[in-house]
Amino acid sequence: MSKISEVVQRARAAFNSGKTRPLQFRIQQLEALRRMIKEHEKDLAGALTADLHKNEWNAYYEEVVYVLEEIEYMIKKLPEWAADEPVEKTPQTQQDECYIHSEPLGVVLIIGTWNYPFTVTIQPMVGAIAAGNAVVIKPSELSENMANLLATIIPQYLDRDLYPVISGGIPETTELLKERFDHILYTGNTAVGKVIMMAAAKHLTPVTLELGGKNPCYVDKDCDLDIACRRIAWGKFMNSGQTCVAPDYILCDPSIQNQIVEKLKKALKEFYGEDAKKSRDYGRIINSRHFQRVMGLMEGQKVAYGGTGDAATRYIAPTILIDVDTQSQVMQEEIFGPVMPIVCVRSLEEAIQFINQREKPLALYVFSLNDKMIKKMIAETSSGGVTANDVIVHVSVHSLPYGGVGNSGMGSYHGKKSFETFSHCRSCLVRPLLNDESLKTRYPPSLAKMTRH
């Protein structure tokens, strides 16, 4: 038996012992996780700085705070969510007790990713712990400083058998996927998501896949362009564009393209100064391979702003592309970098058609003062989530499920949805062992009963 198999088997044995069943145990583990985060805030920030050039402020407000809020929300709501839920009865079951009982699935595997290596690894773990599962954590090896830190500190605070951390790269993940889990949650790209799903199918293991896509951002002529562009620039260029729900490209009328460029430039200079490379708030690309990939997407494009990079530091300047050919590579794959293409459309209907001709995105954004236009965009398109007149913030609302649709993923989590994702809703009926006379019509022989109808 391999070391990874031993770790998974220990987690299953610990789960089978029943120790996760009591709510008090789950809450104690969540409280320990909260304590771990608060006592290691500086270490977490240091790892994020080393991996992605995030400063302490960005590390806290882009990652740590969301997990702390999720833990508080879970602890507060867990007794309510875990309680048996009575359901409506049929005429034949009026004397019975009918309810839904939430039970843990078993051993859950969470495979994190590198762009928000703390949040996307630990936030789903919060829900899995709350639901009473054992959780095997596999951080991304690309954000190696965060991966090493989590492998060090998690065993110091949480039950070591129930919540192990597996370090390593593709070989270790491949070995993990040979094991039988009761649920797998993966965050990453669509190609790997398909590999995860194929591996899970061998054991009929359900999956939650948080993938990606090209998130459209439609800007109506009838809106405050200063506010719109400031909000778009914030969401697009935070973490150097390496955010799965960042706006990937802008759709707008040709008449406002130049205004959008100028207002984006103004916002970028406000955020990061004349030279973003010198800004403590501006991130870096995770590694050289991704640096080369993003730089390659700009080849042959009309650059209105930025377009430069430094391979030695993996810095790519905030970049705006105009008059973009929709058949070019930059419009065929998720950019996942600080490059914003602008595509011109002449109407809302054309924008909707453009969006619907492509794979369903993880997020969709629309800026307009016209509520009917916003409702039309929502009604006639499909995406994992929507924010109108801002970007990204729907992900921060614990009561809204976070997930994709189609090529951008399946399943969702956050808040109550996390508890539901990592629970089995068990249908329960408890009948009194009395008054069998009322059930006599169901018993054979049936011939005499049939002649009466």
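Here the Cβ of each residue, glycine as well, is placed from N, Cα and C on the backbone.
As recorded in Swiss-Prot, the features of this protein are as follows:
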- GLU210: active site (ACT_SITE)
- CYS244: active site (ACT_SITE)
- GLY188, ASN189, THR190, ALA191, VAL192, GLY193: NAD(+) binding site (BINDING)
- SER2: N-acetylserine (MOD_RES)
- LYS178: N6-acetyllysine (MOD_RES)
- LYS194: N6-acetyllysine (MOD_RES)
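A map of Swiss-Prot features onto the structure.
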{"residue": "SER2", "record": "N-acetylserine", "DSSP (3 states)": "coil"}
{"residue": "LYS178", "record": "N6-acetyllysine", "DSSP (3 states)": "coil"}
{"residue": "GLY188", "record": "NAD(+) binding site", "DSSP (3 states)": "coil"}
{"residue": "GLY193", "record": "NAD(+) binding site", "DSSP (3 states)": "helix"}
{"residue": "CYS244", "record": "active site", "DSSP (3 states)": "coil"}
*In whole Å, note down how far the CA of SER2 (N-acetylserine) lies from the CA of ALA191 (NAD(+) binding site).*
27
*recorded positions clustered about GLY188 (NAD(+) binding site) [Cα within 10 Å; pool: SER2, LYS178, GLU210, CYS244]*: GLU210, CYS244
_Using Cα positions only, nearest of the recorded positions to THR190 (NAD(+) binding site) (SER2, GLU210, CYS244)_ = GLU210
_VAL192 (NAD(+) binding site) to GLU210 (active site) - Cα separation in whole Å_ = 11
*For CYS244 (active site), which of these recorded positions sit within 10 Å, Cα to Cα: SER2, LYS178, GLY193, LYS194, GLU210?*
GLU210
*Inter-residue C-alpha distance, ASN189 (NAD(+) binding site) and LYS178 (N6-acetyllysine) (nearest angstrom)*: 20
*In terms of Cα spacing, which of the modified residues SER2, LYS178, LYS194 are within 10 angstroms of GLU210 (active site)?*
none
*Would you kindly give the Cα-Cα distance separating the residue listed as 'N-acetylserine' and LYS178 (N6-acetyllysine), rounded to the nearest Å?*
11
*Additional residues around NAD(+), ordered along the sequence, whose Cβ is within 8 Å of the centroid of GLY188, ASN189, THR190, ALA191, VAL192, GLY193*: TYR186, LYS194, VAL195, ILE196, LEU209, LEU211, GLY212
*Identify, among the binding-site residues ALA191, VAL192, the residue whose Cβ has the fewest other Cβ atoms within 10 Å in this structure.*
ALA191
